[in-house]
């Protein structure tokens, strides 16, 4: 059919004006000139202005508080990380000592030493070194390996005498 300009497209069919698909739905975007769009907005009262100012102040205060709390959190996280590093260093230090003792005892035991030499001390040390949490072993005041519950009961009996 004929278009607005009265010309036909070269391939026949729709007029040239109707063939454009990139044409915006609206001719021009509306631009705000700062004036209210509805009657509700145009009735700004001193109370609303005061309320808005108070809300803006509250927002500013809360934003400042959030920033302070984020800074505090960063400081606490840095302190925690430093403490964790210190604890890990100490753990590694004592683990290294225990590992050295274990190696010394293994060398002593593998060297064919009499198991009863030192009164079975090597075996008792290994018993403690290799005990799991479920074994619940401890060493009493006389140096004997005992269950922790038994040791606690003995301490209670001694304290009550």
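Keep in mind that glycine also has a Cβ here, set from the backbone N, Cα and C atoms.
According to TrEMBL, the feature coiled coil maps to 52-86. TrEMBL lists 20-29 with the feature compositional bias 'Basic and acidic residues'. The feature domain 'EB1 C-terminal' is assigned by TrEMBL to 62-138. According to TrEMBL, the region 'Disordered' annotation covers 1-52.
As a summary of secondary structure, the domain 'EB1 C-terminal' (62-138) carries 65 helix, 2 strand, 10 coil according to DSSP. Averaged across the coiled coil (52-86), the predicted model reaches a pLDDT of 97.
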